[in-house]
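*Asks:* The structure under discussion is supplied below as structure tokens; questions concerning it will follow.
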Amino acid sequence: MGSQWTKDKIYKKSVRDGYRARSAYKLIDINERFNIIRRSDNVVDLGAAPGSWLQVLRTMTDGQLLGVDLNPIVPMENVITVTGDFTAPDIQQKILELMPLVNVVVCDASPHLSGAKAYDQARIMALNEEALRLTEKLLKQGGNFVMKSFQGVDFNELVDLVKERFYSVKVIRSTATRRGSTECYIIAKNFIGDADDDRKQTTE
Ligand SMILES: C[S@@+](CC[C@H](N)C(=O)[O-])C[C@H]1O[C@@H](n2cnc3c(N)ncnc32)[C@H](O)[C@@H]1O
């Protein structure tokens, strides 16, 4: 895609296609390349506002969808939305109650950036680790996980943590990511899970 993804072009395309944000194309690109989502999958989207990934997910699966964000998500048909901080225990409890069996977790969350590089990177890593911890509670054995991150201090350690929990892990740049950005996506497939946890066994 390269240079066609200028701010103006991608913005106009997202408006034309009816997406709430240009990030929609990142998930489309990831799913085309890595087949993360199957037709019957139940999916949780962490950091989902304004909701373009939920719009894309709705076309990819007939399963249950839940999106959570600090900011309210304008309601969508057949999508559960939760307003709150997914790192907070009460919100995590609510998500677990609403979505007890999840095949896929996607996380495009990023904290509000201050511009102070080291501080921002530390906050991103902390948010990513919390998303991974929640994903472990939500995901069925064999499930998939996609998480936005930023390459920098402690990133390799984060990837190592993910590798301990999934059979296949890749770090990629989306073709829809702006040039020069350190943004990347961790694509983790086939959750190892806990063989003794009946709730997490695959039902296929
Ligand atoms: C880049 S936006 C997500 C865009 C979304 N994927 C879409 O396509 O519409 C990042 C979101 O992460 C959310 N976020 C950051 N930290 C969060 C947290 N702890 N809990 C819930 N949402 C969070 C922000 O409020 C923001 O809406």
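A Cβ is built for glycine as well, from the same backbone N, Cα and C atoms used for every other residue.
All annotation found in TrEMBL is predicted automatically rather than curated by experts.
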*Asks:* The S-adenosyl-L-methionine site in TrEMBL includes GLY51, TRP53, ASP85, ASP108. Which of ASP17, ASP29, ASP69, ASP120 is also listed there?
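*Replies:* Among the candidates, TrEMBL records only ASP69 at this S-adenosyl-L-methionine site.
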*Asks:* Give me the non-local Cβ neighbours of TRP53 (S-adenosyl-L-methionine binding site): same chain, 6+ apart in sequence, Cβ-Cβ under 8 Å, ordered along the sequence.
*Replies:* SER23, ALA24, LEU27, ASP45, GLY67, VAL106, ASP108
*Asks:* According to DSSP, does TRP53 (S-adenosyl-L-methionine binding site) fall in a helix, a strand, or coil?
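*Replies:* Where TRP53 (S-adenosyl-L-methionine binding site) sits, the three-state DSSP reduction gives helix.
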*Asks:* What's the longest C-alpha separation between any two of GLY51, TRP53, ASP69, ASP85, ASP108, the listed S-adenosyl-L-methionine-binding residues, in angstrom?
*Replies:* 18
*Asks:* Under DSSP, is LYS148 (active site, proton acceptor) helix, strand or coil?
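*Replies:* Its secondary structure by DSSP: strand.
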*Asks:* Using a 10 Å radius around each Cβ and counting other Cβ atoms from all shown chains, which of the binding-site residues ASP69, ASP85 yields the largest count?
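*Replies:* Answer returned by the neighbour count: ASP69.
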*Asks:* Does DSSP give ASP69 (S-adenosyl-L-methionine binding site) helix, strand or coil?
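*Replies:* SS state of ASP69 (S-adenosyl-L-methionine binding site) = strand.
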